[in-house]
């Protein structure tokens with residue numbers, strides 16, 4: 001870092017001057033590079049700037065130590081990076097992509113969240129307008145980090161609860177899931193009668209995901225081939241006019 005390099009140079013200069021005379025008095029309120037700068041006769045502005053940098057670095061190191069020891073503020077679920085395909089295994093890739101498309105459609109602010117006003121517009125477009133209190137209750141039911149808005153992960157929780165039958169039929173979230181036209185029927189391992197049935201169902205889910213990925217790859221190849229053919233046809237058409 002530039003600060004460390006400057007501090008090292010100033011310390012060497014101070015040491016050389018100290019050999020020829022008395023020690024420079026320590027400046028109150030300064031430490032590290034700032035103290036070295038002040039002792040070497042650097043301008044007050046330089047010493048203060050270095051002191052501020054030292055304090056900022058110390059604060060960051062203390063913050064990191066607190067987090068490592070579990071003292072600091074925990075990271076909220078909505079800010080945590082997650083993989084929807086592994087965390088919400090009860091849904092197919094197509095279902096999750098449909099939910100993501102719907103989420104982005106109503107995330108008017110493009111900030112990765114659906115706030116109260118955006119949820120209000122969503123419910124109105126779905127033909128089921130809600131009261132202000134009703135909207136707040138909808139968010140509250142899945143708001144894990146208490147920030148009064150829906151992250152994509154919390155949005156997926158709505159459909160998880162709907163698929164598991166955990167939503168009251170007259171609740172706003174149940175209405176949202178029903179009117180979204182996203183089929184949330186699942187083929188997961190819930191309700192398996194035995195361990196072996198659960199294993200078989202888990203294997204089926206895994207193979208289903210592989211099939212969906214292969215289908216997506218084939219679709220992309222098909223689109224690329226069609227694009228290639230269109231470009232070739234266009235070039236051939238151009239050549240006829242030359």
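In case you wondered, yes, glycine gets a Cβ from its N, Cα and C as well.
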Region 'Disordered' per Swiss-Prot, picked from 1-53, 54-106, is residues 1-53
Surrounding the recorded Ca(2+) 1 site, with Cβ no more than 8 Å from the Cβ centroid of 107, 111, 118 and those residues left out, we find 106, 108, 109, 110, 112, 113, 114, 115, 149
To the nearest whole angstrom, state the Cα distance for the pair residue 154 (Ca(2+) 2 binding site) and residue 235 (N6-acetyllysine). 49
Helix, strand or coil by DSSP: which one applies to residue 147 (Ca(2+) 2 binding site)? coil
I'd like the Cβ neighbour count for residue 145 (Ca(2+) 2 binding site), meaning other Cβ atoms within 10 Å of its Cβ, all protein chains included. 16
Using C-alpha positions only, work out which of the binding-site residues 143, 147, 149 is nearest to residue 111 (Ca(2+) 1 binding site). 149
